[in-house]
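For Ser16, Ser239, Ser248, the entry in Swiss-Prot reads phosphoserine, with the evidence type a large-scale study or a structure entry. Per Swiss-Prot, domain 'PH' is recorded for 35-131. Feature annotation from Swiss-Prot assigns region 'Disordered' to 221-249. Taken from Swiss-Prot, the feature compositional bias 'Polar residues' applies to 221-233.
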Amino acid sequence: MVDRLANSEANTRRISIVENCFGAAGQPLTIPGRVLIGEGVLTKLCRKKPKARQFFLFNDILVYGNIVIQKKKYNKQHIIPLENVTIDSIKDEGDLRNGWLIKTPTKSFAVYAATATEKSEWMNHINKCVTDLLSKSGKTPSNEHAAVWVPDSEATVCMRCQKAKFTPVNRRHHCRKCGFVVCGPCSEKRFLLPSQSSKPVRICDFCYDLLSAGDMATCQPARSDSYSQSLKSPLNDMSDDDDDDDSSD
């Protein structure tokens, strides 16, 4: 069915509409064989708080951006190759329901749908697209994924030293290896993580010691079930600001 739709006028028109919504700042999305499978608003768990984002699922990429005017204008376009994507379901917790992880070697994050049915449909479609892509290319699924960042609101003190309290002066930082929220003194070192950046990135002392010793796997904790015992406020509707988790700290 996907192959049949690839060259259809309707598919070309739909993709063109998405391109126009992102404007000149967005990347071209129309290429031979690409099909727009579906689209919708998902709540993305960003660094500061959950935020509504517009997502577009194609047969080879996942695209999302900030909502400026619903169905008319989006910005801050992000493009994720599906062949690098792995997804895992997340248990419901408080106001955060119907969620799953989107994991890639460069960036991983949690998203939440409005209903359980919508979640199931998204996950099924993503899994099918990934399976079809890998089958055609003969590649194997990626087993290396960037850590999902712990939201700022989950940590009032450094998650490594357990002593430093965060204030407007004593800022929060994120370890790029484990995703923990840490203080400056606990994250002064940098390490080259090629899948995330061509330059050395900030990591905590704990991960630095393990990486320096060659113990790559121990740095990254398993966090597929819980994100937010402290995120008790209702989900935020919309925001036109940047993704907070794209910041340098």
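Cβ coordinates come from backbone N, Cα and C, glycine included.
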Express the predicted model's confidence over the domain 'PH' (35-131) as a mean pLDDT, rounded to an integer.
96
As a quick check of your reading of DSSP, tell me how many residues in the domain 'PH' (35-131) are helical, how many are strand and how many are coil.
19 helix, 54 strand, 24 coil
Restricting to the same chain and to sequence separations of six or more, state which residues have a Cβ under 8 Å from that of Ser16 (phosphoserine).
Thr30
Under a three-state reduction of DSSP output, how is Ser16 (phosphoserine) classified: helix, strand, or coil?
helix
